[in-house]
């Protein structure tokens with residue numbers, strides 16, 4: 001197979017991945033599995049000609065360190081090997097990184113795929129709620145990771161809108177803006193409150209970057225975005241007002257000791273539970289089975305709610321990581337994310353790169369900022385759909401910049 005034919009196949013598989021990850025249950029690993037097979041064949045065939053520069057080495061070292069600690073915790077705590085499933089996604093991104101560094105997609109392709117995917121997510125959510133009468137869109141998969149994936153794609157599309165308008169590509173700008181608006185509606189219909197924090201963060205970043213140069217565009221897009229949220233909050237079918245009122249009620253009931261077993265109240269209890277577990281094994285954590293046993297023990301005491309044992313994770317990525325894998329596990333997670341983030345920031349600040357290349361770097365930054373915001377109220381890297389989405393997206397952005405720097 002020639003270079004162009006293989007590139008088209010890789011692009012097609014990326015298209016399938018992004019368009020189906022939340023719309024078809026269980027589809028999250030189909031395209032990545034085929035991409036992985038292609039990556040292995042590519043590495044075997046081109047072993048002698050593959051170059052691994054320092055940027056690729058940083059990625060490989062960070063991923064390997066994270067996976068090694070994860071595997072060590074499994075061995076020490078006698079956890080089942082399938083507890084590494086989402087970590088396997090990360091490890092297997094290494095051959096994909098080397099493949100995409102050679103067969104990198106264009107920014108035009110990224111715009112097309114992200115816009116189509118975002119619109120599909122939004123339209124599917126609307127169909128779920130208004131026609132199937134599902135209370136929270138994508139409930140058949142899981143509304144929280146679905147909401148996180150959708151809002152990330154919304155932010156990426158808005159970022160591409162600013163890029164398109166800055167290049168005076170009005171049609172492309174309108175396409176990405178429209179897709180982002182449809183996707184935003186889809187996210188709101190999932191009722192995933194923990195994903196909404198990234199919205200103001202992303203817009204502050206975009207306004208800081210583009211505000212001075214494109215004041216009119218920034219004002220128009222910001223106005224559309226805020227107006228949509230305000231209007232949607234007053235429409236009963238969106239459930240936004242209900243979810244907001246519920247959040248206020250949950251917090252009030254928790255702190256006045258009326259009811260601690262609300263949605264948000266249980267998050268606070270899970271964090272308190274995790275802290276007790278961390279104090280027992282602070283270095284390498286309790287492992288998956290150890291966390292489960294600890295919650296069962298705590299739920300049988302008067303100090304914690306009896307429903308504590310029914311929760312599979314801690315609803316905070318960093319607390320969860322420390323509870324699960326100890327301080328060392330937390331350190332390698334921070335190193336991993338910083339390796340990605342610093343690469344994107346350094347690339348974005350490199351004035352020698354083109355506007356397209358710096359836009360890819362900005363997409364990478366937004367992807368990680370989204371994860372960090374979600375991590376405050378959830379542990380999404382433990383959930384298959386979101387973990388696969390984040391790792392694949394991150395690998396694409398990272399490898400596109402790596403290959404650029406090799407020129």
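Backbone N, Cα and C define each Cβ position, glycine as well.
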* Of 27-45, 84-102, 217-235, which span is tagged transmembrane segment by TrEMBL? -> 217-235
* TrEMBL tags one of 170-188, 246-264 as transmembrane segment - which one? -> 170-188
* Determine whether the transmembrane segment (194-210) and the transmembrane segment (59-76) share at least three Cβ pairs under 8 Å, counting only pairs 6 or more apart in sequence. => no
* Honestly, do the transmembrane segment (170-188) and the transmembrane segment (140-163) touch, with at least three Cβ pairs under 8 Å and pairs 6 or more apart in sequence? -> yes
* Please indicate, using numbers and ranges, the residues of the same chain that are 6 or more beyond the transmembrane segment (7-24) and have a C-beta under 8 Å from a C-beta there. => 1, 30-32, 34-35, 38, 99-100, 103, 105, 109, 113-114, 116-117, 120-121, 124, 138, 141, 145-146, 149-150, 153, 385, 388-389, 392, 396
